[in-house]
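Taken from TrEMBL, the feature active site, proton donor covers Cys359. Residues annotated as domain 'Orn/DAP/Arg decarboxylase 2 N-terminal' in TrEMBL: 45-290. Here TrEMBL flags Lys67 as N6-(pyridoxal phosphate)lysine.
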Amino acid sequence: MKPLGPIPAGFAVIDGELAIAGLTASTIVEQAGQTPLFVYSADMLRARMAALRAAMPEQLHIHYAMKANPFAPLLRLMGQLVDGFDIASGGELAMAINAGLDPARISFAGPGKRDGELEQAIVHGVTLNCESPAEIRRSLAIADRVGRVPQLAIRVNPSFELRGSGMKMGGGAKPFGMDEALVVDAARLIIDSGAQWRGLHIFTGSQALDAAAIVETQDNVLTLAARLTAEIGVPLPHLNMGGGMGIPYFHGDQPLDPAAVGRPLADRLESLPPELAGTDFAMELGRYLVGEAGVYLTQIIDRKESHGQVFLITDGGLHHQLAASGNFGTVVRRNYPVAIASRYGAPAEEDANVVGCLCTPLDRLADQAALPRADVGDLVVVFCAGAYGASASPSAFLGQGAAAEILI
Ligand SMILES: *Cc1c(COP(=O)(O)O)cnc(C)c1O
């Protein structure tokens, strides 16, 4: 037996089935008309934001990093809940605008922005987190050509990183942002050009469950921002402090207590160095806001045994669930939280392998998981599917196509 990851709080059992927003899994599938299906709970998204707001200092802005989940109905809901959006491509800019989000609340980071993407961002008044001096010069030239004042910030590649984070994006040689030593001259270039100086973006990593590590990194970010601001010599309008707050995916992972991040941050914001007295602060979060509010439902289409092991073969797989299959940045494959949605809460009766329908051995959703006996027609649920699911998986692989998605 291999352990499953912890099921997030907030899910119910109705008539022996997993229930979301008072509806059983089979009812939701019936309404959607197909499996595989991603289901996102609006109530859970609202509850997560409310709890986070309560834990964080009031003046802290919360941004949603939309690469975690750009599903249009979810984006529209997030538009009512968060203060800003972080995008990472012209495609995401188009999705954000189509969802009716205010471009003035959007900032655009990403190490390889094409001229056309820079132009769209500048025309819409989106803040560009510039990742190199060359990108600043390109942005200024494009702004000049289209007759706009660009909103320019600098993404810093800090010399420190977020300890214990699943994905490091700062510290050492990186394609992201500018090394600290380049920032002061780059900021002067922006300010002297007459562009709107929008401040600094310092992102250090993702998927941290250790509050102390996040607090330590935020201290480092504030110290660095104060030092750079003193050298730049102009007040810092905005500091995007990065995010990094993670969610439990695997057995043994402990959920992060947001108050353990929020309390020390409130103290820091109460006693800021003079350089940061007039600065607006933001955290940018993806999976922490949306990851636990989504599930992936897939139906069992075959059940068989091989060399004494049970295989439950579903109509879903890694083409929608690259991360749960263990193929999105993990070294050792471990089980996500997975259950039989149509026998939810029933006692475990056997160890089973849950696999997808793709003709590759990489397509695994749960290895040797203790589950109630399930058969053809039963529904399997993969939890923690609200982030980096549909949009971060190769849905074109093997001609499978996208899963359906609904927000309820
Ligand atoms: C991916 C990314 C995020 C979101 O990461 P999560 O782990 O989903 O919170 C935030 N900011 C930047 C710059 C990113 O690249």
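Backbone N, Cα and C atoms are what each Cβ position is placed from, and that goes for glycine too.
The number of other Cβ atoms within 10 Å of the Cβ belonging to Lys67 (N6-(pyridoxal phosphate)lysine), over all protein chains shown, comes to 19. When pLDDT values are averaged over the domain 'Orn/DAP/Arg decarboxylase 2 N-terminal' (45-290), the model yields 96. Less than 8 angstroms from the CB of Cys359 (active site, proton donor) sit Leu398, each of them six or more residues away in the same chain.
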